[in-house]
2 protein chains.
Amino acid sequence: MSDSTAGRRRQAARNDETILAAAREVFIADAKAPMAAVAERAGVGMSALYRRYTGKDDLLRTLCHDGLRLYIAEAERAAAEPDGWTAFAAFLGAVVDADVHSLTVHLAGTFRPTAEMYADAVVAGERTAALFDRVRGALREGVTVDDVSMLLEMCAAIRLPDPARTMELRRRYLALLLDGLRVDGLLPGPPPTGAEITRRWRQGAAEAGG
Amino acid sequence: MSDSTAGRRRQAARNDETILAAAREVFIADAKAPMAAVAERAGVGMSALYRRYTGKDDLLRTLCHDGLRLYIAEAERAAAEPDGWTAFAAFLGAVVDADVHSLTVHLAGTFRPTAEMYADAVVAGERTAALFDRVRGALREGVTVDDVSMLLEMCAAIRLPDPARTMELRRRYLALLLDGLRVDGLLPGPPPTGAEITRRWRQGAAEAGG
DNA sequence: GCAGAACGGAATGATCCGTTCCACTGTTAT
DNA sequence: ATAACAGTGGAACGGATCATTCCGTTCTGC
């Protein structure tokens, strides 16, 4: 084999990446897209998909897990930042930009999560909490780390046909939310509970709304 | 006919309301719910639905138009309030509580809108602008009325299995957003354009994200 | 009683989609 | 060379989901 540029092996290796990237794009744009859409976007046939993944579940799980790992990686990268608020804001910005939410929460519930994925979800929660603790003093009373999940959800709801414009607007409203977090005064209603947040990771959570 | 309580006519008249209410509940919970789900929720058969509406489109259009009218009604009710900020906040609260967004924006694009609906959408925009103008002075620089649509979209994204809890949390984050609107300082990125907002009312806007 | 409005719910027909299958193409090892 | 095969494209299959229609029934208004 060595390095023949157009070898079958080479093509296959390149397809590994191509397919994953195509799947990410397609499922970020529409969580319920058909497998054929992924094949078309990647410019490959169905066989190329099913040779690599045992089924749609498998592909979705992979994508979701990758998103989770990205989330953790961004949290750890941000943690290195000396200023707590900068770290917190940069982390949220990165997560919003990468549309991690569409890759994780919106895909979870579609398949049975791995034990490993569940463990990583726990880690993600811990990393978030660590960043959150560093800014707690700057935030208004009564705000909890579980509120952060909801803020991310809200940002993910901003969705326009143009991805670049979507990112721009999400940043705009993320800034608005972050400013809101530092205003004085109690917010109405109890914050979300941990159970309300993690429920999404259990299988069977029906998609609602469209 | 007159007033016999259990007459077929009476039952039919009551079904008019029952079906509409059931449809509202069902389609708020899931914009893509099947007609059978509406029938079941209403406790009627399919015939009762198709006797009243020529098809699913017709029912959806009716629901959507009702939502639009509710939006306008709430805007006009709020306009009577002497204090501008109170009016603005009360209006947004009412719209969020009624989940008007799920009834209008999320349903639009599923069918071809009536000319009358389009006209009402314009009126809705005017009423919103009128309320907005009264608070513009209190808001941070660069915020436009089109931002308001996006804030409503963000609130609508908060969605839990329990409707009461959903309302509670939406109120919480609406308060956060409103506070954020009054912080000093420019927000990043240009605000949404009117075209970006009204695009949803034209037919063919594919649902994205799930 | 009778004509028919109103109804419940099963049957229909179309569409969509995950998955499988098969013929084909280059590659590799002998 | 050439056999054996990994890798592939894309058509075909089978199940599921739905909007809509249809038919037999019930009850009202006269």
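Cβ from N, Cα, C; glycine included.
Here the DNA-binding region (A:34-53) has long-range neighbours at 15-16, 18-19, 21-23, 25-27, 59, 62, meaning same-chain residues at least 6 beyond its ends whose C-beta is under 8 angstroms from one of its own. The DNA-binding region feature in TrEMBL is assigned to A:34-53.
The residues of the domain 'HTH tetR-type' (A:13-71), classed with DSSP into helix (H, G, I), strand (E, B) and coil, number 48 helix, 0 strand, 11 coil. The annotation domain 'HTH tetR-type' is assigned in TrEMBL to A:13-71.
Per-residue pLDDT, averaged across the domain 'HTH tetR-type' (A:13-71), gives 96.
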